């Protein structure tokens, strides 16, 4: 699909956390967990339902809770990379067809919320991704949007 090539060309807009980072595309949510020591797959437990996620490493829970929006749990993929020091989790968004859904946080309770600037950049990037899908013959990977968004969570707009 054009979106994956789009991400390679345009980069990502990550939300950094104490355990790594997460970012999103129109269709997917990506979670990266970084380790200081090499970890084996048998030491990793990732449990995903359509509305929740739990990630445990060596029996320690790194994060757990209800996701900000629903996902297709049966399409979840996770891999260990970089000699076992990087865990990549990819979740398929259940509502990606609406294309306007931007996750403000990883969890429903607001845990791992994107700061206002990051959230704004996520929205712009996803708009460009949508344009890329709608007009596959054009390259929007380096485009600049002049769009004003209605709200930025956490900012007082008075």
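Glycine is no exception: its Cβ is also placed from the backbone N, Cα and C atoms.
Here is what TrEMBL records for this protein:
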{"type": "DOMAIN", "residues": "15-107", "note": "domain 'CS'"}
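Over the domain 'CS' (15-107), the average per-residue pLDDT in this prediction is 93. Helix first, then strand, then coil: DSSP counts for the domain 'CS' (15-107) stand at 6 helix, 54 strand, 33 coil.
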